[in-house]
Amino acid sequence: DRQTLVAVLQFLRRSNLRESEEILRREARLLGDDLGNVATVATSSPGVAAVAAVPPGKGETRGDCGVGPSSRREPVLCAARSLGGSPVSGPSSKITHSGDVMGGAVVVEDQPDVSAVLSAYNQQGDPTLYEEYYSGLKHFIECSLDCHRAELSQLFYPLFVHMYLELVYNQHESEAKSFFERFHGDQECYYQDDLRVLSSLTKKEHMKGNETMLDFRTSKFVLRISRDSYQLLKRHLQEKQNNQIWNIVQEHLYIDIFDGMPRSKQQIDAMVGSLAGEAKREANKAKVFFGLLKEPEFDVPLDDEDEEGENEEGKPKKKKPKKDNVGSKSKKQDPNAPPQNRIPLPELKDSDKLDKVMNMKEAARRVRLGPECLPSICFYTFLNAYQGLTAVDITDDSSMIVGGFADSTVRVWSVTPKKLRSVKTAADLSLIDKESDDVLERIMDEKTASELKILYGHSGPVYGTSFSPDRNYLLSCSEDGTVRLWSLQTFTCLVGYKGHNYPVWDTQFSPYGYYFVSGGHDRVARLWATDHYQPLRIFAGHLADVTCTRFHPNSNYIATGSADRTIRLWDVLNGNCVRIFTGHKGPIHSLAFSPNGRFLATGATDGRVLLWDIGHGLMVGELKGHTDTIYALRFSRDGEILASGSMDNTVRLWDAVKAFEDLETDDFTTATGHINLPENSQDLLLGTYMTKSTPVIHLHFTRRNLLLAAGAYSSQ
């Protein structure tokens, strides 16, 4: 979109970011004089650039809203935001990764030009008539036909907020107060937290530093409405000459119009509730390679029962290799998989191959789960955890468990009879015969053997922990703004990664090791590699804290959950946001991909588990039952069962096969978002297991499908 581009270039020039300006100009092939020609358009109003912040998807939608590029005035800030990595079509999205542009954009996002953002509230009607305007619209919507009423009711909340803020900004404090008191009770219950923040903004000065407010101002609130309902609204507002409301609709809302039947109240309720309304349909159109990568091929020796003792050590006897059926299962390339070399993945070491062999043997003895055969659950309770347990992780082979604590320590336990040992000192290592077969045993110092190791280094509560797939490393992230990498050979800290300036809420290793992701209070997620001290990618776009992060099983995508009540899926290759999922009514705290990579399960403070089809970008299920925040979600190894753990002290098991079978994902549903969720999720609930008084904060299926759960006993 040319005008957006020009506005961004001018903004960069004004901010003396010459280098970024050059790069952008080269990318967009705009010459200096081009900029001059369009400059007149772009500064047609003081402090505000005429920028169409919404890239035109289908021309008709743009025309229908009656908003051409010139009539949409959007503050300069929005243009700058588009560099941060939010999905923006047009040339600007190509430059997400030239370091300094990105840096520049993120800085801009942190300190928006508040006066520019707020100045859009200058245009004002008669303050005494605001209540009349709003109640008139309310009356009109409540008296309209049932089929339109549900859709048009979505307007209540964003209009209420903007009208209130407009009154406050123009210093009509008593009118604002009476407006708030009269109408705040009509808003949906899931906006209560936002309204609480809003009620504290009673003076123009309060608006300056308030982030929630600025988000609401700068990101257009998205409503998805059928063409019929939209025409009805437009006619009503134009007949009534109700310009105040019509201005807000054009200025601050993005109406995503679709052809077809209006949606029912249930369908709308399932999808709304996030900080910026629903996701635009365009946001979920990009192709996603959700298939799995092909496993490397190697022979798996079949072992007899009597070799058990030998295999404990992880060194299978040399036998004539016979192909095990498990080894030869995944020879065919998944048609939905990304190209094998789409992102560079680390080479397999010999020890990794050995581990894969062990894994396949375990898999051969795996229990097939289902409604008739539920897993046993083994619960690890942290007793006397008065330091405050804030994070847990378990290694893939279930041999170690780590706890992150509020006293800034990280504690690692061995859960097998094998104790944790450190490597010997350098002087002792020099005496070892490096050619001997058991050199890996000899380098370990028996004197250091213990069941528990405590790692000191953070200077604030530890909110996230993650073991590397090869069990050599451990990540921890903390309120102190750092992510630390620890060696599990020496139990010392190897690196402190500094990129976040605020608390880091979560971190996770890629399923292939080497890469990891972190997300925090600064609203961005960062992708790192263990051998780089700066992030490789910055994923910017969420409107509030990034509370949880997860790698897709093929490592090409990362899911992030946020306090803005949305889940985003990011492409690791280019940093683009390829999916935005809305529907939760509270901050997201847990994410889990199904083992086949096709589905995502998410849990939040609203006590609901939502299921998403990644390929189609649709919600396909809702599991109700928990009564408190869901902090843990995990699919069984073959994906038949989904386990969820919550602060309500229960673990629940759900039938994942049934939840995902015969989904209606026809083109119409995909195009309009008319989702039809099964009425009763109780049919999918296979079991509920109570703890005495222990909130569940982590779940893990062992390689043989035993379910491990963990949490700290709370005496309340």
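Note that Cβ sites are derived from N, Cα and C of the backbone, with glycine treated the same way.
Predicted automatically and left uncurated, TrEMBL annotations should be read as such.
The compositional bias 'Acidic residues' annotation in TrEMBL covers 300-311. Positions annotated as compositional bias 'Basic and acidic residues' by TrEMBL: 323-334. Sequence annotations record features per position, and here TrEMBL assigns domain 'TFIID subunit TAF5 NTD2' to 125-253. Per TrEMBL, the feature region 'Disordered' maps to 300-352. Feature annotation from TrEMBL assigns repeat 'WD' to 382-423, 455-490, 497-528, 539-580, 581-614, 623-655.
Highest Cβ pair count under 8 Å relative to the repeat 'WD' (623-655), across stretches 382-423, 455-490, 539-580, 581-614: 581-614. Note on the repeat 'WD' (455-490): DSSP counts are 0 helix, 19 strand, 17 coil. With DSSP classes pooled into helix, strand and coil, the tally for the domain 'TFIID subunit TAF5 NTD2' (125-253) is 102 helix, 7 strand, 20 coil. Summarised as a single figure, the pLDDT of the domain 'TFIID subunit TAF5 NTD2' (125-253) averages 84. Residue counts for the repeat 'WD' (581-614) under DSSP (helix as H, G, I; strand as E, B; rest coil) come to 0 helix, 20 strand, 14 coil.
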